[in-house]
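Participant: Just passing along the structure, written as structure tokens.
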Amino acid sequence: MKVLVLFSVLFLTLFSYSSTEAIDEFDSDAEDDMLSLMANEQVRAKACTPRLHDCSHDRHSCCRGELFKDVCYCFYPEGEDKTEVCSCQQPKSHKYIEKVVDKAKTVVG
């Protein structure tokens with residue numbers, strides 16, 4: 001009986017060792033495949049429109065500020081013809097929140 005228990009423990013040890021070898025081999029192949037796919041990946045991000053620049057061509061292209069994304073505001077200037085002018089601007093509420101966060105960072109550390 002002791003011999004049977006000894007052989008079963010030995011068999012289970014060898015089986016678990018061989019299965020982990022196979023799993024490690026499979027994982028390394030999967031990692032190599034993923035790395036080769038990532039190497040072929042192209043950067044798809046388009047250039048953002050800086051603050052206070054014209055965003056009439058794409059109203060969702062404004063750059064991010066420190067915490068929030070700027071918003072494209074459109075308006076009609078006074079005294080000119082009825083052409084719409086759009087520019088990326090930071091909303092006042094976002095500006096105040098960023099100031100509070102900056103003050104909190106300096107106080108905390």
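Note that Cβ sites are derived from N, Cα and C of the backbone, with glycine treated the same way.
Swiss-Prot lists CYS48-CYS63, CYS55-CYS72, CYS62-CYS88, CYS74-CYS86 with the feature disulfide bond, giving similarity to another entry as the kind of evidence. For 45-88, the entry in Swiss-Prot reads region 'Knottin domain', with the evidence type similarity to another entry. For 89-108, the entry in Swiss-Prot reads region 'Linear cationic cytotoxin domain'. Annotation comment: Swiss-Prot describes 1-22 as signal peptide, evidence class sequence analysis.
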Participant: Could you give me the DSSP helix, strand and coil counts for the region 'Knottin domain' (45-88)?
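Facilitator: So the counts come to 0 helix, 14 strand, 30 coil.
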Participant: Same chain only, sequence gap of 6 or more: which residues have a CB within under 8 Å of the CB of CYS88 (disulfide bond)?
Facilitator: THR49, PRO50, ARG51, LEU52, HIS53, CYS55, SER61, CYS62, CYS63, ASP70, VAL71, CYS72, TYR73
Participant: May I ask for the distance between CYS48 (disulfide bond) and CYS74 (disulfide bond), taken between their Cα atoms and rounded to an integer number of Å?
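Facilitator: Rounded to the nearest whole number, the Cα-Cα distance is 17 Å.
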Participant: Per residue, counting other C-beta atoms within 10 angstroms of the C-beta, which of the disulfide-bonded residues CYS62, CYS72, CYS86 reaches the highest number?
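Facilitator: Max Cβ neighbours within 10 Å, all protein chains included: CYS62.
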Participant: I'd like to know which of these disulfide-bonded residues, CYS48, CYS55, CYS63, CYS74, is least surrounded, judged by other CB atoms within 10 A.
Facilitator: CYS74
